[in-house]
């Protein structure tokens, strides 16, 4: 063989090969020891490469659910696009009735960035950069308006689509009877005189709230009509990306508020927009939770209060579009759905591709009513399946963690909160029981068991004597309470009468203590997003990032319920304090805006009039200063967006008679 450099140089691929007596192949120019070394290196490299490939592909299928991987590998098989029909199909379906035999709070931060209004990092959270999308030049804004106008025109002339599965197994002899429904109510929805209080001061305060609603609405109509929310400082509209291309969130959210306040011209404008311009043929990525509580809840409420069939048709079309989100191995829906294709996935920020307790746990009220109106049990089946799974799996110390895998059906983290990410799940347990005319014993058992666990593990007393609900992280308490958790005073009080009789007074006291704590956090008559009880703090936001107020309703919500069930006059006084603070700090020339720091001497506004301000905050204030016969609690349960839904009295609806013969107060 050659020596020197030729010995160690590259072998000619065309050089002849020789078979040695040992059986080894001899390559001219390569020594036997060099050849063995190269073969050894190649073997190690191939072994490493095969291991790496195996590891990567194994990760694709064994790591927790991932949004990006799901889009790549599972979207075509897991969430199939739906087959669609026309709105005429829906009308026919609603006339006949159908039963499918098969299983068919956004928050804007101090920076002005919007996230999902969860009672889950919001009232309901996803941290997105919606607000940044609104920084467009005049040309971009004009183009958007032109496209929106064209979309509205097209939607008014073409049929809305709905999945054809709702027409399967039609039951031709049943349909929802609105007149019978009205007879099954114990009292007229709007009371004898629209809940007009006899006390002059209370009436004057109620009129002030009505004026605030008209002011907020008029400015929305002037500067943001058809958009989702108003930016009052810049006097333009905000669309965001929570609703999957749906528009008019403030309009749908305001329908029932305008109606119960007697603002009929404004209500009729809103109704006309829904009928002619609410385009449900969107093809964007929507929050299942937000679309459900705002759009489904708002349309359901508008129908039940007015009897307008158009609202029912619209909500049934929209309800159908939400069903593909449940197409998961467990039936636990994912948080995001494309309303056009039906493809769904989990929020990118959610731990290990999990679903959020406050999202999949805040569907029950609306979906039960979708089944009632359509005579299609699929909606109730979907939410009952969620409850079935939750009852089956183990709860740490009886608590429900905030993150659950829709693939495995197991908890992903042991983080428990009565505020963001968890809150409205508990709210919907007691409200499901009340809405069922107190026949849903399973919901009742789940609620009181959860409340017992909350009291044992989360309810704390501060050194200053304030009762609060801490957060729980794997057994370690975080002594923080969010504004979102302040709804719990109202939740506890509406369930006080239906627990163990000996605990009734205890629940009333607990509700009063929590509401008092939340009032104490309103040191400037408006409260921060979160407040703490450690390091010497007493219901105070110690972090700059927690000091903002975005027109949230939860504290006022508890004032309203506490007034209704105790008639302690302090709750009306506290509500009036909030009205004065809203007027002083949040009212601007063209609407109402959240503020960045509730403790700052100089107010800095966030330039956002949230739709829930119209739906919840002002509605709860109006009810606080009204008589109890306006939307009486015996007949109505409010969803987590404050849309009133009626108690379902099955025996009455299925029978011939009603509970009274009064008609709806007009």
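Every residue, even glycine, has its Cβ placed from backbone N, Cα and C.
Here's what TrEMBL has on this protein:
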- 43-63: transmembrane segment (TRANSMEM)
- 93-105: compositional bias 'Basic and acidic residues' (COMPBIAS)
- 93-173: region 'Disordered' (REGION)
- 151-162: compositional bias 'Basic and acidic residues' (COMPBIAS)
- 163-173: compositional bias 'Polar residues' (COMPBIAS)
- 290: active site, proton donor (ACT_SITE)
- 529: active site, proton donor (ACT_SITE)
- 640: Ca(2+) binding site (BINDING)
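Minimal Cβ crowding within 10 Å, among the active-site residues 290, 529, is found at 529. In this view, the residue listed as 'Ca(2+) binding site' is surrounded by 31 other Cβ atoms within 10 Å of its Cβ, with every protein chain counted. Distance between Cα atoms for residue 640 (Ca(2+) binding site) and residue 290 (active site, proton donor): 10 Å, as a whole number. Each residue contributes its Cα atom, and for residue 290 (active site, proton donor) and residue 529 (active site, proton donor) these two points are 19 Å apart.
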